[in-house]
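Quick look at what TrEMBL lists:
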- 1-20: compositional bias 'Basic and acidic residues' (COMPBIAS)
- 1-68: region 'Disordered' (REGION)
- 21-31: compositional bias 'Polar residues' (COMPBIAS)
- 78-116: domain 'RING-type' (DOMAIN)
- 210-237: coiled coil (COILED)
């Protein structure tokens, strides 16, 4: 009886301890649930941030200098015939030929003439080469036009120089004529000193004319030199233009 009574007395304490442990377990479970929810929320926010963050696409634009360098690297003559391109084509291995040269070579050898890789008979129109040929033709035309302008300038300078030289020569002749008159007048009017005032004035005016004639002659000589230099410049530029013109075919 006493043992049973003690058991009955201890039962409420055991029950209370069990409830306490159950409550602690519930708290721990709730805490884990909150932690997991917090982690999931954080993960969700990170995902949203990544989704919301704009993707930066790097777009590369070639500068004019880079395009010019690439164009300069392109050939202007066929690797087979060694002449300027006629209807240029390009292989899959990026080698350029005249269309006819490529086809004739393909009949004998199906590999590329340059690198010996199989061409598979594919010869596409070389658009970049055609573009370069057009640019070269335009450049050559512009150079020839510039040469024509230089020659026209040289011609104008030479004409002005010739006119100035002729004018100077005419002034010299006038001075010589007047001085001849002065000499003749001096011989016939030596006894009349007053008449020499007019002679002196005339001589002084002729000195001015002679100085002007000399200045014009020197200017004319400078202009002739300028005209000659300009002509030489035109010759050099024309040689360059011809060099550019020979790089491409013109009768196509």
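Positions of Cβ are set from backbone N, Cα and C atoms, glycine also.
Just so you know, TrEMBL annotations are computer predictions that nobody has curated.
Away from its own ends, the coiled coil (210-237) comes close to residues 143, 146-147, 150-151, 153-155, 157-158, 160-162, 164-165, 167-169, 171-172, 175 of its chain (Cβ-Cβ under 8 Å, at least six residues beyond either end). Averaged across the coiled coil (210-237), the predicted model reaches a pLDDT of 88. Helix, strand and coil counts from DSSP across the domain 'RING-type' (78-116) read 10 helix, 8 strand, 21 coil.
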